[in-house]
């Protein structure tokens with residue numbers, strides 16, 4: 001599930017699986033526009049308001065953008081992605097642990 005106003009993971013997956021050669025110009029244009037809109041939404045949405053997977057995706061996108069701009073090595077990119085994923089997974093574990101132990105849902109405070 002994706003955050004409100006963000007491109008869903010199912011939509012991203014189906015777009016990635018279908019080769020561009022099999023897409024109409026309208027489909028390619030729609031993908032381009034929705035990808036750019038999702039990227040902007042990811043940059044303006046605060047990190048603490050993102051779901052786990054949306055946060056990981058945005059961190060990966062940021063790493064990709066940085067790598068393209070600075071020529072980072074693949075190892076550096078992988079390290080960045082792993083750091084972001086670990087951070088978000090840690091947040092998820094803390095959330096689940098708190099809920100199991102009866103703490104109030106922090107997203108509803």
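Just so you know, glycine gets a Cβ as well, placed from its N, Cα and C.
Taken from Swiss-Prot, the feature region 'Disordered' applies to 1-82.
Under the heading compositional bias 'Basic and acidic residues', Swiss-Prot lists 1-21 (among others).
According to its DSSP assignment, residue 21 (phosphoserine) is helical. Under the heading phosphoserine, Swiss-Prot lists 21 (among others).
Residues within less than 8 Å, Cβ to Cβ, of residue 24 (phosphoserine) and separated from it by at least 6 positions along the same chain comprise none. Per Swiss-Prot, the feature phosphoserine maps to 24 (among others); the stated evidence is a large-scale study or a structure entry.
Here Swiss-Prot flags 28-50 (among others) as compositional bias 'Basic and acidic residues'. Under 8 Å from some Cβ of the compositional bias 'Basic and acidic residues' (28-50) lie the Cβ atoms of residues 3, 5-7, 11, 15, 20, 57-58, 61, all in the same chain and six or more residues away from its ends.
According to Swiss-Prot, the compositional bias 'Basic and acidic residues' annotation covers 58-67 (among others).
Cβ neighbour count for residue 59 (phosphoserine): 20 (other Cβ atoms within 10 Å of its Cβ, all protein chains included). In the three-state DSSP assignment, the secondary structure recorded for residue 59 (phosphoserine) is helix. According to Swiss-Prot, the feature phosphoserine maps to 59 (among others), an assignment based on a large-scale study or a structure entry.
Residues or ranges marked as phosphoserine by Swiss-Prot: 73 (among others). Of all Cβ atoms in the shown protein chains, 9 besides its own fall within 10 Å of the Cβ of residue 73 (phosphoserine).
Look at Swiss-Prot and you will find 97 (among others) tagged as phosphoserine. Reduced to three states, the DSSP call for residue 97 (phosphoserine) is helix.
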Within the compositional bias 'Basic and acidic residues' (28-50), residues counted as helix, strand or coil by DSSP: 20 helix, 0 strand, 3 coil
Among 21, 97, the one of these modified residues whose Cβ has the fewest neighbouring Cβ atoms within 10 Å: 21
Candidate nearest residue 73 (phosphoserine) in space, where candidates are the modified residues 21, 59, 97 and distance is Cα-Cα: 59
